[in-house]
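S.K.: Residues or ranges marked as transit peptide by Swiss-Prot: 1-35. The N2-acetylarginine annotation in Swiss-Prot covers Arg36. Taken from Swiss-Prot, the feature chlorophyll b 1 binding site applies to Tyr57, supported by similarity to another entry. The chlorophyll a 1 binding site annotation in Swiss-Prot covers Trp79, Ser85, Glu98, Arg218 and rests on similarity to another entry. Swiss-Prot lists 99-119, 151-171, 219-239 with the feature transmembrane segment. Sequence annotations record features per position, and here Swiss-Prot assigns chlorophyll a 2 binding site to His101. For Arg103, Val152, Leu181, the entry in Swiss-Prot reads chlorophyll b 2 binding site. Under the heading chlorophyll a 3 binding site, Swiss-Prot lists Gln136, Leu146, Glu213. Positions annotated as chlorophyll b 3 binding site by Swiss-Prot, on the basis of similarity to another entry: Ser156, Glu172. The annotation chlorophyll b 4 binding site is assigned in Swiss-Prot to Gln164, Arg175 on the grounds of similarity to another entry. Feature annotation from Swiss-Prot assigns chlorophyll b 5 binding site to Gln164, Phe261. Swiss-Prot lists Lys212, Gln230 with the feature chlorophyll a 5 binding site. Annotated chlorophyll a 4 binding site per Swiss-Prot: Asn216, in sequence order, evidence recorded as similarity to another entry. What Swiss-Prot lists as chlorophyll a 6 binding site is His245, Ala254, and the listing cites similarity to another entry.
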Amino acid sequence: MAAATMALSSPSFAGQAVKLSPSASEISGNGRITMRKAVAKSAPSSSPWYGPDRVKYLGPFSGESPSYLTGEFPGDYGWDTAGLSADPETFAKNRELEVIHCRWAMLGALGCVFPELLARNGVKFGEAVWFKAGSQIFSEGGLDYLGNPSLVHAQSILAIWACQVVLMGAVEGYRIAGGPLGEVVDPLYPGGSFDPLGLAEDPEAFAELKVKEIKNGRLAMFSMFGFFVQAIVTGKGPLENLADHLADPVNNNAWAFATNFVPGK
């Protein structure tokens, strides 16, 4: 069946190509057709984050970008010294991995800091430091969510693992498969139920939000790496390390610990 496309006059699809017929990959073995709306959205030409005149990694001193980095995608600053994006398939895979890891890192960074912040402001936790909290499951009473014994008790590490696999797997499966009706265009930005506030309805605002997401996500991944190193070196949470540094910046900083750090002590 030949694919047919048309331009719709609806304000939300004006000037955009919509695929009407299914491809062979969208027809399952039993002959059932999964209709998937495919809309090609281009980044706004006036945006400083997209296109050949976008912001580069070294500003005016960046030099010429590789030919395959055209500024089509958010977070493209024209820098790829290792050539990781030269192959289109590898680039598509790495782009998806980066976005997903960015989102997990942003959630993880918040989860590392927020309980410690609450604990420092009087909220009672069994253990608020992120890398110590999990060990509470082996205590006599198990692990209470939010430190409240009236909430669900987590007393089995296998049960927690199973719940996480089921819940996370269900969400990821829903995202990748495009929902029960296959209505999602892009598994990275599924919209629909994943956008209850309608933040992606305006194309220009959505394009800018993609850039903000990838920039904050990259920062969050570096933050998580820093939290891991802090946990190994100091044995303290991020806010406690920050408080120590502010109280005595000369003796509590990365250089001081790097020059005095002895593994295992």
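Glycine is treated like the rest: Cβ placed from N, Cα and C.
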S.K.: Which of these binding-site residues has the least crowded Cβ, counting other Cβ atoms within 10 Å: Lys212, Arg218, His245?
M.R.: Lys212
S.K.: Listing them in sequence order, which of the binding-site residues Glu98, His101, Ser156, Gln164 have their Cα within 10 Å of that of Glu213 (chlorophyll a 3 binding site)?
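M.R.: So far as Cα distances go, none of the binding-site residues lies within 10 Å of Glu213 (chlorophyll a 3 binding site).
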S.K.: Which whole number of Å gives the largest C-alpha distance between any two of Trp79, Ser85, Glu98, Arg218, the residues noted as binding chlorophyll a 1?
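M.R.: Among the residues the record ties to chlorophyll a 1, max Cα distance equals 17 Å.
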S.K.: For the recorded chlorophyll a 1 site formed by Trp79, Ser85, Glu98, Arg218, name the remaining residues of the chain with Cβ within 8 Å of the site's Cβ center, in chain order.
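M.R.: Going along the sequence, the neighbours appear as Gly75, Asp76, Tyr77, Asp80, Leu84, Asn94.
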S.K.: To the nearest whole angstrom, what is the C-alpha distance linking Arg218 (chlorophyll a 1 binding site) and Val152 (chlorophyll b 2 binding site)?
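M.R.: About 34 Å separate the Cα atoms of these two residues.
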S.K.: List, in sequence order, the same-chain residues at least six positions removed whose CB sits under 8 Å from that of His101 (chlorophyll a 2 binding site)?
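M.R.: Expected: Gly217, Met221.
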